[in-house]
Amino acid sequence: MSFDSPFHVTVDFNTSHMIFPTIIAVILGILFISILITRGSTILATVTSGTWWPAGIDHRRFFGTIALTVIYFLAMPEVGDLFPNTGLGFYLCSIPFLFALSTLYLHEHSRRTLLIAGANALIAPSVVWYILSELFNISLP
Amino acid sequence: MELLSILTPLFFGLVAAGTVIGIIFGAIPGMTATMAVAVCLPLTYSLGLENGLALLLGLYVGGISGGLVPAILLNIPGTPSSITTTLDGYPMTQNGEGERALKIGITSSLVGGLISLAALYLFAPALADFAIKFSYIEKFLIIFFALTVMAALSNSLLVGIFSGFLGVFISLIGAYDISRGGNGELRLVPEFLEYYLESGFSLLPVLIGLFGLATILIDAEEGMKEGKGLSGVKIGGKPFKLSVFKGQIINLIRSSSIGTFVGILPGVGGSAASILAYSQEKNFSKNPEKFGKGAPAGVIASESANNGLTGGALVPLLSLGIPGDSTTAILIGAFTLQGIQVGPLFIGNNPVTWDAMIIAMLAANIIMFLVMVLAIRHIAKVVTVPKNILFPIILMMCVVGAYTINYGVMFDVWTLLIFGLFGYLAHKIRLEIAPFIIGFILGPSAEIYFVKSLESFGTLSIFFTKSWIAILLWGLIALSIAFSISVARKKKRMSSGIDDQA
């Protein structure tokens, strides 16, 4: 895009894909600087006082959720490749994932709560897999 | 006759199922109508458009309505839109009027839902007829207006606008769409991701990540604490009678209309609708001192307004293609899935789907009322379902939704994780999610409208001089920014006044 006069512009079709992203990037930059100028003191006060992330959060449950989710996502296609087009990658990985996540979130590890978590981990993926993959033929990993 | 062939027992069964599931989602604190629609979207793949919409609209109405249960019984808003219901609903429960408060809320929700449905039926076709005449310039300005309105109603104008433009920027990742007149060149894509990001990030995994995974991460950070139980909560007590609505008709109509109007404004959530209606009712009340201490009028205002949102939010979606709130943004996914584009031509080209949507909304409101009135004591128990059981199921459903949206692409599941983490980060640094989403959805259209207008007219001044509608839209944009600045100044004065007093 070139400016012939203050308002007149010529658009080159070959480079037209960069016009809008460039404009938006410039606006974002201006807005970011404006936020820093107008709220800089508040941001600085927040940064200098108080504790830094991740202090003060429940590390085990927060990072445990992320770690289990990443393992779940990595494992699904691998297991799915062993049983192509059956959705079993999803089904077989969801059972241990649900059980692990349920127990991670538990506050009281009794025989009863673990049994409920186990039953939930078995029943929920079975129902979802059966309805979506078997009844509706929806592709699952 | 074609419509009658769609209105099958399955259609109404799906509305009922959606409404009940929606009520359950709404009733559990931390889970929202948006999450309900996002999680259940994959179930609509093989249902067809009308049946799929029947389920999703049921979820929408049920999800908004269910929020009143924990708001009234536990003083925890089940959804953001029921925040003002806690103010008078919970004191009523403390006074032993829990069931009465719930039934007042449910009846008000029904009235709000029906009034907004009437507004949807009347206004959406008229607005669509008007919008058909819009050129790319007016369409671009409407998107710009939508972004400024949302930003103006955010906690901070600058952060709101920044979030909206960030959403636009991220939506531009990928190729400049050839099918809409672009040159097909890639931009903003790292080389190693070119294969995956040719069409950019898919909408639904982004939404599911922002509303599903991010919510779970925020809760996990806080230790996944279980909420208060219902022990000690008096649900029974003083019986509910319709006479409580005597003298409240104007409140009902005004609050429902406020909810509908706020819903029509793009991207503004239900919490704004209920706060506005509640404060208006308090201003007009002869007994404002009773508010906050268990005034039924407060529950009526809040609940009729947040359900008024449901029909209102569909008006811009079905007439302009601009979602009225984050839940209707996900509904766009349902249309896309069935190969239908929402916009000014939607109602004219799909009259049967349009009628089916109206009937589904009507049925959802009636079913919501009947289910909640008849089974409120059982529904109240839902608020105590443990999160360690629910959240893993939701995460699993999020994965199903993300994976199946493009018929089995694993990168979409990773997109869900990326945007789940982004949603968590946005929550920490207080970015505004609603403007971000609307920016993300409308970004590619805004680009086409802007660049094609420049290609055709060769001058920037055309955005100001094309038509009287363009001038009107610039006026509205200026008004929304001025409104936001004035609200910010008022807030600043109030806070400095409080500091002085201290």
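Cβ atoms here come from the backbone N, Cα and C positions, even for glycine.
Record features, source TrEMBL:
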type	residues	note
DOMAIN	B:14-438	domain 'DUF112'
TRANSMEM	B:52-73	transmembrane segment
TRANSMEM	B:104-128	transmembrane segment
TRANSMEM	B:140-173	transmembrane segment
TRANSMEM	B:193-218	transmembrane segment
TRANSMEM	B:258-278	transmembrane segment
TRANSMEM	B:356-376	transmembrane segment
TRANSMEM	B:388-405	transmembrane segment
TRANSMEM	B:411-426	transmembrane segment
TRANSMEM	B:433-451	transmembrane segment
TRANSMEM	B:463-485	transmembrane segment
Within the predicted model, mean pLDDT of the domain 'DUF112' (B:14-438): 86
The transmembrane segment (B:356-376) versus listed stretches B:52-73, B:140-173, B:193-218, B:411-426, B:463-485: most Cβ pairs under 8 Å: B:52-73
Range from B:52-73, B:388-405, B:463-485 with the greatest count of C-beta pairs under 8 A to the transmembrane segment (B:140-173): B:463-485
Contact ranking winner - B:104-128, B:193-218, B:463-485 against the transmembrane segment (B:411-426), Cβ under 8 Å: B:193-218
Within-chain partners of the transmembrane segment (B:433-451) [C-beta distance under 8 Å, separation at least 6 from its ends]: 136-137, 139-140, 143-144, 146-147, 150-151, 154, 160-161, 163-172, 176-177, 180-182, 200, 203, 206-207, 210, 266-269, 321-323, 325-326, 329, 332, 423, 426-427
Spatial neighbours of the transmembrane segment (B:104-128) far in sequence, C-beta under 8 Å, 6+ residues away: 61, 64-65, 68, 71-72, 85, 89, 240, 242, 244-245, 252-253, 255-257, 259-260, 263-264, 296, 299-312, 314-316, 318-320, 344-348, 354, 358, 361-362, 364-366, 368-369, 372-373, 376
